[in-house]
Structures are given as C-alpha cells and as structure tokens.
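Novice: This is the structure I have questions about; it appears just below.
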Amino acid sequence: MSYSTSQAKCKPAFEPARSADRSLGSARVADSAGAIRVLIAAGGTGGHLYPGLAIAEEWMRTHPDSNVVFVGTARGPEAQAVPRAGFELRTISARGFPRRPGLAWFRATFGLLRALGQSFRLIVELKPHVVLGTGSYVSAPVLLIARLFGIPVIIQEQNSIPGATNRWLNLIATEVHISFVESRGYFRRKNNLRVSGNPIRRSLLRQDRQTAYEAFSLDPEKRTLFVFGGSRGAQSINRAVQGALERLKHLTQLQVIWQTGSEDFEAIEPRFRNFPLRVRVFPYLEAIEKAYAVADIAICRAGAMTIAELAACGVPAILVPYPYATRDHQTHNARGLLDRDAAEVIADKDLSPEILAGKVEALLRDEARLRRLSRNARAFARVDAAQRIARSMEQLVHASPIPREG
C-alpha cells in the first residue's frame with residue numbers, strides 16, 4: 001500500500017463531512033569505519049518505546065551510516081517492535097520496582113544489579129558516542145554506566161509529571177528533553193532542561209486520507225469515531241462505548257473504528273457485526289496512523305504519546321484519563337489540552353454511556369466546535385520534536401570522549 005507524501009499532516013484541519021542477548025531481525029548494523037554509534041535505552045511499555053523509535057528513525061534519516069542499537073527487555077513490546085523497525089535490540093534483566101516492599105522488590109533489586117553489569121559490558125563493547133533514555137526502568141542502569149564513562153546522555157520525558165527514573169537521572173544527564181513546560185517544576189536541576197515535545201513517527205504525518213478510508217472499508221462522506229484504550233484496551237471505555245453506541249445508532253452519518261484490546265475483543269466484536277452503524281472492531285491496530293487519518297472524533301486515554309499523536313493530527317478528542325496512572329499523570333496530561341480548549345475530558349469515575357453519548361452527539365452537531373478543537377490541538381503539537389532531539393544528539397556526539405574510527 002502506498003501513502004501520499006505530499007501531505008504535511010495526517011489530514012487537513014477539521015473538514016465538514018464529505019543478559020545481553022542479540023535480537024537482530026533485519027537490523028541496521030552497518031559497521032562502517034567512522035560511523036556514529038548511538039545507544040537507545042527504551043522499552044518496558046509502548047509509551048516509553050515509541051518515542052525512542054521515532055528519534056531513531058529521524059536519526060537514521062539524516063545519519064544513514066550510523067549504528068543504532070536499542071537496549072530493552074525480552075518481555076516488553078520492544079522484543080518485537082524494535083527488530084520489526086529494522087534496529088538491533090540487546091536485552092538486559094531490568095525490571096520495575098513495586099511501590100511497596102516485598103519479594104518483588106528484592107527481585108527488582110537483584111535485576112537492577114544484574115542490569116548494571118550487563119550495561120557495563122554493553123558500553124564497553126559498543127562504545128556509543130551518545131546514549132538516549134526514555135525514562136523506563138530500562139534506562140537507569142544504561143544511562144548511569146554511560147555517565148561513568150563520560151559519554152553524553154540525553155533523557156526524553158513524555159509526561160507532564162515526570163517519572164521517578166527521569167527525575168533521578170536529571171541530576172546526571174547531559175540534557176533532559178521535556179514535553180510539557182509544566183514539567184520544569186518537578187526537576188531539581190534546571191540548566192539541562194529543554195522543551196522539545198513528544199517525538200512522533202514521520203509515517204503519522206504522511207497518510208493519505210482516501211487510502212485510509214479504503215483500508216477500513218469506510219465511507220468518506222460519514223463522520224468517523226475512533227475508540228481506543230492503548231494496546232491492551234481499556235475496559236471502562238469499552239463498557240461505556242457499548243452503551244453509548246446503542247444511544248447513537250440513530251445517527252446514520254456515524255461510523256466507528258474501535259480498538260478493544262485483546263481481552264474484550266471476543267465479547268464485543270460479535271455484538272456489532274450487524275449493528276445499524278458501521279462498526280469496525282479490532283483487538284489491536286498495527287497501523288494506528290490510518291485510524292488517525294480518518295478520525296473526526298477520538299475517545300481514548302490520556303497517555304503522553306496518545307496526546308502527542310492526536311495533537312499532531314488535529315483530531316478532536318474526548319479524553320478519559322487512566323485513574324491509576326502513577327501520580328495521576330494522565331489527568332495532568334489531559335489538563336494540558338483542556339486548558340487550551342483542545343480536547344474534552346471525562347473523569348473515569350464519571351464515565352457512563354449516557355454522558356459519553358451526549359458528548360459525542362453534541363460534538364457531531366457542532367462543526368464550529370470541532371474545528372476549534374482541531375485547530376487548538378494542532379497549535380499544541382510539536383511535530384518537530386524528533387528532529388530537535390536528533391539535532392541535540394548530533395551536537396553532543398562532538399563532545400563524546402569515544403573516538404570515531406576511520
């Protein structure tokens with residue numbers, strides 16, 4: 001399937017309806033003399049992995065002869081996504097620390113000690129010129145060892161409330177790239193902070209809308225509602241949407257793309273096969289950028305990368321922050337858009353079929369409101385975040401103590 005590369009955005013502004021193991025895959029491991037070597041510690045969750053992939057792809061676009069290696073775990077999404085993207089993956093034994101002491105806490109401590117040793121061996125072997133971390137528990141041992149060698153270290157923080165790993169690494173990092181201006185107050189050290197935004201993949205901005213409609217067998221003349229709750233879905237959103245669609249089925253101009261997650265898919269998909277509205281149900285969308293390209297309204301959580309992608313594509317959204325996120329950071333993420341009149345927000349505790357259906361129908365009947373939400377979301381976006389961070393990496397390579405052969 002070919003995509004149009006003439007479009008600078010997913011779609012126009014809102015329009016009225018019409019152990020250090022190797023996992024190579026097809027990895028880019030060119031070992032040319034003088035190549036810049038980049039190590040990216042990213043993974044554990046998709047929210048930490050995909051910013052790293054976006055930066056890596058941007059780096060390779062401008063430095064095609066570089067060696068880029070990812071460090072992650074064998075358990076996270078990076079185990080498949082990194083080789084599929086064409087990069088080498090090395091795995092270490094890091095694991096997240098539980099909030100309360102117990103057996104799992106001791107296992108995490110042992111895993112960290114092993115990960116420090118594995119990271120030491122990786123740094124000695126690969127001799128990276130610059131190291132990037134995206135804040136998961138994978139980042140800490142790798143970035144700490146890199147700094148002991150004097151190698152420049154960059155951190156990328158996705159959320160408005162930084163995670164514990166990045167708040168600690170801020171003290172030793174060369175640069176910390178944040179996505180929200182509001183994040184500055186959470187870091188003790190200020191002189192290494194840079195406001196760059198959340199990196200998004202170039203493919204997100206290069207979708208042809210008509211091709212995307214055809215991929216989903218949808219009608220370009222109808223409004224498209226895109227529902228998703230992350231790669232594993234969101235049960236509270238799924239429950240509310242089922243009831244909401246029953247209340248919206250009289251809106252013949254509406255059609256739906258729904259990523260349910262694997263747990264709810266088998267229960268939901270049969271129910272909507274013969275529904276009055278056209279509802280396309282998927283357990284997981286591999287090419288989510290196509291859904292963004294046709295979405296007129298999105299219903300979703302408020303993860304940092306979700307918000308960055310919605311904003312870049314100018315998709316009006318009804319955000320339902322995950323209530324159990326660490327330090328309630330999704331609510332703070334959502335507030336960044338709400339305060340700019342760039343999204344609607346419903347607290348998870350207030351979510352119901354009636355409230356959700358009312359919000360969707362009100363938006364569908366108010367084209368001026370949809371256009372305003374789309375315009376304000378685009379104004380919030382920083383679509384050049386990956387380029388900004390890649391430029392910083394390039395500048396720091398020249399300060400690296402690791403020589404370039406050749």
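The chain as shown is numbered from 1 upward.
Here the Cβ of each residue, glycine as well, is placed from N, Cα and C on the backbone.
Curation does not apply to TrEMBL; its annotations are automatic.
As the structure is a computational prediction, the values presented were derived from the model and not from experiment.
Reproduced below are the annotations present in TrEMBL:
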type    : residues                              : note
DOMAIN  : 38-177                                : domain 'Glycosyltransferase family 28 N-terminal'
BINDING : T45, G46, G47, N159, R201, S231, Q330 : UDP-N-acetyl-alpha-D-glucosamine binding site
DOMAIN  : 224-389                               : domain 'Glycosyl transferase family 28 C-terminal'
Novice: Mean pLDDT for the domain 'Glycosyl transferase family 28 C-terminal' (224-389), as a whole number?
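Specialist: In the predicted model, the domain 'Glycosyl transferase family 28 C-terminal' (224-389) has a mean pLDDT of 95.
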Novice: Looking at the binding-site residues T45, N159, Q330, which one has the fewest other Cβ atoms within 10 Å of its own Cβ?
Specialist: T45
Novice: Please report the three-state DSSP label of G47 (UDP-N-acetyl-alpha-D-glucosamine binding site).
Specialist: helix
Novice: Just counting, how many other CB atoms are there within 10 A of the CB of R201 (UDP-N-acetyl-alpha-D-glucosamine binding site)?
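Specialist: Cβ-Cβ neighbours of R201 (UDP-N-acetyl-alpha-D-glucosamine binding site) within 10 Å number 20.
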